[in-house]
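Chemist: Please see the structure below; I have some questions.
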Amino acid sequence: MAQCTQLSRNSQERNKTCSNVRSPVQQRRQGRIRAGRSLPRARSMAAKMQSMNEHVAALLDVTCADDADEENRSLYRTAIDAVKRASDMCHGVQRGLAEEDTKAKQDDSPVTIADYAAQAVIALTLMQNSKGGSENVRLVAEEDANELRDGGRLTEAVANLVRTAMDDGELTNAQVCDAIDVGLYEGGDQGGNFWVLDPIDGTRGFVGRRQYAVCLGYVDAKTGDVLLGVLGCPNLPFRGGDVMRLSDGQEGLDSVLAAEARSEQGVAGSVFFAAKGKGTYVGPLDGSAPFVAIGAKARQSEEDAPPAFMESYDARHSDHSFSGVVASTIFDGKSAPPPLRVDSQCKYGLLAMGGIADIYMRFPPSKYREKIWDHVAGICVVEEAGGVVSDAKGRKLRVNEGRFLPEDLGGGICAGSSQSWHGRLVDAIAVAAAATQK
Ligand SMILES: Nc1ncnc2c1ncn2[C@@H]1O[C@H](COP(=O)(O)O)[C@@H](O)[C@H]1OP(=O)(O)O
Ligand SMILES: [Mg+2]
């Protein structure tokens with residue numbers, strides 16, 4: 001386990017796969033784990049499932065090497081399985097999304113059949129694998145089934161997606177609605193540890209055929225630490241754990257990536273996995289290659305500006321002009337890096353990978369209240385890669401006080417790929433806020 005944490009922090013070792021790290025358990029299984037083998041192009045679904053299972057087994061051997069980790073092994077496997085199932089389903093839906101598959105919520109943000117179905121698929125997977133019984137699954141999740149209880153076209157479409165994804169034709173519409181409503185748990189520090197889910201983070205990106213992420217985390221209720229984070233990013237191409245090249249086009253990088261992942265060649269999307277004390281890993285969603293340990297390749301020198309800073313794609317979600325001021329403040333007198341605008345918690349995955357952006361800023365409108373499911377999984381992914389996520393004043397995000405983050409976030413949320421970048425970012429936000437009286 002120590003070996004693996006070190007791996008994730010050591011940039012020179014970044015591209016070693018989990019299969020290269022030999023835990024005792026892994027050595028026993030070595031007969032069936034081969035790193036980096038090339039697979040035939042046209043692979044059957046069963047073959048894909050099998051290789052995914054092998055790569056997940058290799059990841060678990062590395063992250064759960066001790067016998068004491070047996071409980072974690074089951075927790076991690078369940079989380080990856082749930083996110084992968086939901087991500088595959090969402091990927092299929094996005095390709096053929098029709099106008100009538102989307103509705104506007106009360107706050108005017110969109111929700112689609114895939115948001116509901118992904119939440120049901122993940123809730124059902126957690127319940128099926130719960131050691132304490134399905135009734136003891138604590139899940140804080142974004143959607144509820146209010147709009148689906150009366151039946152109708154939307155309900156039928158959602159339930160059909162769930163029946164297919166769960167391979168269970170017997171599931172009734174009511175059971176699907178009940179599964180969605182498992183996510184109504186209030187969170188907080190009074191009960192036991194709980195799951196946190198955003199079934200589709202960045203629904204606007206999903207509808208716009210851009211980036212989105214299926215985000216599942218697990219929180220220590222008492223401390224508010226995030227113990228586990230899994231991000232399914234179907235439109236973020238997996239490139240052996242290496243970073244995207246800015247030559248892909250700075251401005252349009254997001255749509256270039258999405259187009260590539262949607263292409264006929266079937267480039268696989270990415271799944272990020274992080275667990276407290278175990279590091280951060282990324283692998284292809286289709287199981288075509290092993291997971292790779294990642295750690296942000298932070299540039300500490302002020303001479304060496306990152307190629308970009310990250311922020312929301314949508315200007316309604318974050319004040320783009322203020323982040324521009326902060327970026328100029330950090331690189332005082334030198335040219336500031338341009339923004340890289342990407343929907344969803346894919347930004348946290350990209351930050352963890354390093355090499356493309358070392359800072360991420362989010363300044364929502366003052367009336368907007370941040371939800372815990374928009375950050376929990378990403379916090380673990382960034383922190384286990386050596387980065388820091390906090391509010392705009394540098395304070396830890398308190399994710400165990402209910403479904404919302406505290407009202408006072410000092411103006412927003414920020415993240416750095418290292419302690420040093422995070423520190424510089426928090427200082428620059430304070431200077432920029434004073435200068436603009438924000
Ligand atoms: N007015 C708003 N201000 C800030 N964030 C918002 C707003 N409306 C929706 N969101 C949420 O912002 C997140 C997207 O973040 P980003 O801007 O980084 O892509 C989503 O979780 C989205 O909700 P939803 O999950 O319903 O899509
Ligand atoms: Mg969201």
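Glycine is no exception: its Cβ is also placed from the backbone N, Cα and C atoms.
Annotations for this protein, taken from TrEMBL, read as follows:
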| type | residues | note |
| --- | --- | --- |
| REGION | 1-41 | region 'Disordered' |
| COMPBIAS | 1-10 | compositional bias 'Polar residues' |
| BINDING | GLU142, ASP198, ILE200, ASP201, ASP374 | Mg(2+) binding site |
Chemist: Sequence gap of 6 or more, Cβ distance under 8 Å: name the residues on the same chain that satisfy this around ASP374 (Mg(2+) binding site), in order along the sequence.
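Modeler: Those within reach of ASP374 (Mg(2+) binding site), by Cβ under 8 Å and sequence separation of 6 or more, are ASP198, ASP201, CYS215, GLN345.
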Chemist: Under 8 Å Cβ-Cβ from GLU142 (Mg(2+) binding site), six or more apart in the same chain: what's there?
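Modeler: GLU142 (Mg(2+) binding site) has long-range Cβ partners ASP115, GLN119, GLY183, LEU197, ASP198, PRO199, LYS371, TRP373.
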Chemist: Which chain-mates of ILE200 (Mg(2+) binding site) that are at least 6 residues away have a CB under 8 A from its CB, listed by sequence?
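Modeler: In sequence order, the residues whose Cβ lies under 8 Å from that of ILE200 (Mg(2+) binding site) (at least 6 apart) are CYS90, THR112, ALA114, ASP115, ALA118, PHE206, TYR212, ALA213, VAL214.
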Chemist: Once the DSSP letters are reduced so that anything not helix or strand counts as coil, what is GLU142 (Mg(2+) binding site)?
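Modeler: SS state of GLU142 (Mg(2+) binding site) = coil.
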Chemist: Determine, from DSSP, whether ASP374 (Mg(2+) binding site) sits in helix, strand or coil.
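Modeler: DSSP call for ASP374 (Mg(2+) binding site): helix.
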Chemist: DSSP on ASP198 (Mg(2+) binding site), three-state: which is it?
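Modeler: For ASP198 (Mg(2+) binding site) - judged by DSSP and reduced to three states - the answer is strand.
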Chemist: Determine which residues of this chain, when GLU142, ASP198, ILE200, ASP201, ASP374 are set aside, have a Cβ within 8 Å of the centroid of the Mg(2+) site's Cβ atoms, and list them as they appear in the sequence.
Modeler: LEU197, PRO199, GLY202, THR203, ALA213, CYS215, SER344, GLN345, LYS371, TRP373
Chemist: Count the Cβ atoms, other than its own, that fall within 10 Å of the Cβ of ASP201 (Mg(2+) binding site), considering every protein chain shown.
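Modeler: I get 30 for this one.
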Chemist: Counting across all protein chains present, how many other Cβ atoms fall within 10 Å of the Cβ of ASP198 (Mg(2+) binding site)?
Modeler: 31
